[in-house]
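Chemist: Below is a structure I'd like to ask you about.
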C-alpha cells in the first residue's frame, strides 16, 4: 500500500518529463530542411542544423542556440558518474584520396554524441600536426535526435595544389577529453616539379664541368633526360636527381633537362654555358688631366670574355719620331678604371694605349691616343759655369752651357744669376736675369777685397729650376784709377778682337759645312737615279730645261726599276710627277688603306698649287698591284669633264728600305663633299632650306658626270653623296674612284675577292654574286638621288647591313620622301628595278631630270639660295680627336674630302659579308659654323636664276630635324622598316675612319 502512491508519483513525473522534452525539440528544429544526405543511422524525418565556419571556429549546439534537450534537462553529473559514460569516437574515414592537380575534393568526418554528455566543443581540422586556420572552407552539420546529436564536419578544396598534400584529421573535446579521428591522406599527383635546375656557368675551353637537375612527383619515379642545343644528350633516362658531366666545350652551348613521370614531362629553363675568352680591348681611353710629369688616364673596360678582369696595363711611349721607341709599361688593378702615369718628361708628347687581362690572357691594346704633358720647371741647372774677373772693365764675366733640351722641361725663357758679395762684416745678395739666347753675362764688381759666389738657374714658363753649384771668385784690392762715366777704357783690350775673330771663323766654318752637305746630297741623287747627268750638266746652276730632262730620266729609271712595261711607261710620261716637285703637309684624314695629306705641287712657271695627296698605307706592294695602280691612273688622266674630278698626277716615293709607295695627286676642294653639305642644311640650330631647283641641279650634275664615265666604259662602284664633291662654284663633280674599274670585255665586271663594299648603295644583283655593270651604278645613282631629296639622310633606316639582301629580295625599296615630287620619285624608283635591263641609262636619266628641272619655276630670289654653314677643312683639324665626337657616324669618308682616283680599296665602306649588329651604337650630329662659309652663303648658285614668280619649296625639315639626330634601334613591337621613312639611323652603314 505504501508503494502504490510512490509508483503513481513516479508515473506522473515521467509524463511531465516527456511532455517538456517534446516541447523543447519542437523549438530547436530548423526552418529550412537539410538538402544533403543524412547519416544512415538517423531517421529520414530528422531536420539537422549546420553552421559554416572557417579557421577552426567550430560551433557547439549550445553556441548555435539549438542545444539538445539533454543538455538543458539532464541534471549535473558527478565526476564518478562521468567515468561510467559510454566512450565517444569518430567514425571511420575514407582513409586515402589520390587525385590530380587543380581538381576539387571533398571529405568529412562524423561523430555521435549521446545526450548524457553535457560539455562538448566544435570540431577542428588539422593537417600534418598544424591546425588549419582560415585557409580552407569547412562546414559543420548537427543532426539531433532523442538519444543525442550526430555531428558531420565537411572539408572541401576547390583546386588542389601540391601544397595540399598531407594528412588531415578532426579533433573534438568532449567533457575535457580530446577525441581524434583517423587520418585522411590526400595525395596530389601532377607533372614533375623541379627542386633544382641547371645553372649557367662560364667555363674554360675544353675543361670538364657538371650540371645538376632534380625533380620530384608524385607520382614517382621521375626520370631525367639532358638536352644540349635542342638535341638529347643521353638516350637512356636517369633517375632524379641527375648530374651531367660534360667533358669540355669549344663553343657556347645551351643546356636544359626534361623531367618525366606518369603524368607527363616538364622542361627546365635553358642555361647558356659560355666559353671564357680573352677580353675585348678597352674603349673610350681619355686623358682626364695632365701635369708637367704625369697624366691621368681613364678607360672603359671592354667585354670581359666571361671571366672577371684581373688587372690592366697602360703602355706609354714617346710620340717623337726621333725617340728610341721604348715603351713604358704600368700595371694596375682592373678597378677603378683610372691610373696616373708618373715620371714623364715635361712638355712632351706621348702615345698611350690600355690593355686588360683575365684568367685566359691579355686583350688586344686599345687604339693609341696622344697625350701631352704641360710645361714645368726645369729639372737641371746650367752646366760648365766659369767666372773670371775682367780687370779692364771691372766686371765679372760669367759663362755657362745650356742644359739639354729634354731636361729643360719647357720653353726656355732665360736664366737667373744669383751673385752674393761677402767682405769683412759686409754681405750683399743680388740677382740678374739674362735672355734665353744668352750663354754669358757680365756683372759689375760690387766690392773689392771680397768674395763673390755665383749660382745660375734656368727659367721657363713653368717656373725656375734648381740653382747650380756655387762658384766662388776672389776680388782683390782695387789699385787702378777710377774713370769717370764718360771716360773710355784704356786701349789694348785684345779679348774683344778675339771674340770678333772667333765669330768670323764660325761663319766661315758654317758656310763650308753647308757647301759640303749640298755637294753630298747632289752626289747621292746622281747615284740614286743612275747618273742621269753628265759633268757638264751638273755645272748648270739655273737651267729649267736641264732640270726637266733630269726629272724625266729619273722617272724612267724609277719605272724601269719597278719592272713596269715599256707601253705603260709611255702612257705615264704625262702622269708621273717628280717627287721633288711635291711638298707634303699635314694629314687631312686617314682611312683603313690610305691617308689624305695636304700638299703643294710646284708648277713649271715657278708657282705652286695647293693639292690633296692620297697615299697608300701598305708597307709592301706586288708588281701586279703597282701596275694596276699606274694603269688606272693612266686611264683617268684623260678625264676631261666639268662633273668628273680631274687627276693631276701620280708620284712614286721610295722609302728608306727601297719599297715603292704610290701617291695620287688631286685638286684640293675646301668645300668638301655633298653629303656633309646636305646634312648641315638639316641639323643646324636654325635649319636652312635648299630650294628644290638646287637639289635637282645637283642630281643633273651627277648624272652628267656618270654619263661621261659610262660612255668611257668606266664603272664607279661607289657612287654616293659622300663621294660627290662641291667645286668653288658649287658644281657637283663625281669623285673617289677607289673602287672603279675599266671594263673591256662585255659590259660587266666580277669582283674577284671579298672587299669592303657600301652595302646600302649596292644593286641587288651585286649583293648576290658580286657582278657589277653600268646598271649597278644606275642603282647607286637612285640611292644618291634619295640622299639628296632627304637632305643627307641614311638610306634604309632601321635595316641592318646583313638584312639588306632579303629586304630587297622581298620587293622593298626606299620610300618616297615627304616633300619629294611624284615625278622625281618615279625617276629614282626606276633605278631600282630588279632586272638591270629595265633600268634607264644615265643619258635617259639626265634628260628626265633636265626636263623636270625646266618644268619647275625659278627660285624666288637669289637671297633664298643659300650655302650651308659647313666648317672649312682647315678649321676642322683635330676634329676626330675630340672625345665628344668619338661616336660620330655621318658616313663621312676622309678620302671624300678630296677627289680620289686611287686604285686602292676605298675606306668608309662595309663588307657585305659582315653580319654584326651594333645595337647600342649611337649617332651624333655635328653642329658648328664658320665665317668663311657664311661669306659663301651670300653668293647664289651660278646655275640658278631668281624669278619673281618663283615659289620656294615648303620647308618640311621640322620632321627631319632634331627628332632624327640620334640613332634608334628597332625593339620588339616597333614599326617595320618600311614605316621608318625618315629615321636618320646609320645602323652601321659605314665605317668612319679618321
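Including glycine, each Cβ sits where the backbone N, Cα and C put it.
Keep in mind the model is a prediction, meaning the values are calculated, not measured.
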Chemist: Of 165, 620, which does Swiss-Prot mark as N-linked glycosylation site?
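Modeler: Looking at Swiss-Prot, the N-linked glycosylation site feature maps to 165.
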Chemist: Give the range, chosen from 498-518, 519-539, 540-560, that Swiss-Prot lists as transmembrane segment.
Modeler: 498-518
Chemist: From the ranges 24-77, 78-131, grab the one Swiss-Prot calls region 'Disordered'.
Modeler: 24-77
Chemist: Looking at 311, 881, which one is marked N-linked glycosylation site in Swiss-Prot?
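Modeler: Record lookup in Swiss-Prot returns N-linked glycosylation site for 311.
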Chemist: Determine, using Cα-Cα distances only, which of these recorded positions is closest to residue 311 (N-linked glycosylation site): 108, 109, 390.
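Modeler: So, spelling it out, the nearest of the recorded positions is 390.
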Chemist: Cα-Cα separation of residue 109 (disulfide bond) and residue 331 (N-linked glycosylation site), in Å?
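Modeler: Pair distance, Cα basis, whole Å: 78 Å.
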Chemist: For the topological domain 'Cytoplasmic' (519-994), what's the mean pLDDT in this predicted model?
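Modeler: On average, pLDDT over the topological domain 'Cytoplasmic' (519-994) sits at 67.
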Chemist: Anything within 10 Å of residue 108 (N-linked glycosylation site)? Look among the recorded positions 170, 229, 324, 349, 437, 449, comparing CA atoms, and list what you find.
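Modeler: So the list is 170.
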Chemist: Can you figure out which of 165, 324, 437, 449 (the glycosylation sites) comes closest in space to residue 390 (N-linked glycosylation site), comparing Cα atoms?
Modeler: 449
Chemist: Using DSSP, would you call residue 449 (N-linked glycosylation site) helix, strand or coil?
Modeler: coil
Chemist: Expressed to the nearest Å, what is the distance separating residue 324 (N-linked glycosylation site) and residue 289 (N-linked glycosylation site) at their Cα atoms?
Modeler: 26
Chemist: Which one is it: of the recorded positions 165, 170, 257, 349, whose Cα lies the shortest distance from the Cα of residue 210 (N-linked glycosylation site)?
Modeler: 257
Chemist: Reduce the DSSP letter at residue 108 (N-linked glycosylation site) to three states and note it down.
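Modeler: The residue in question, residue 108 (N-linked glycosylation site), is strand (DSSP, three-state).
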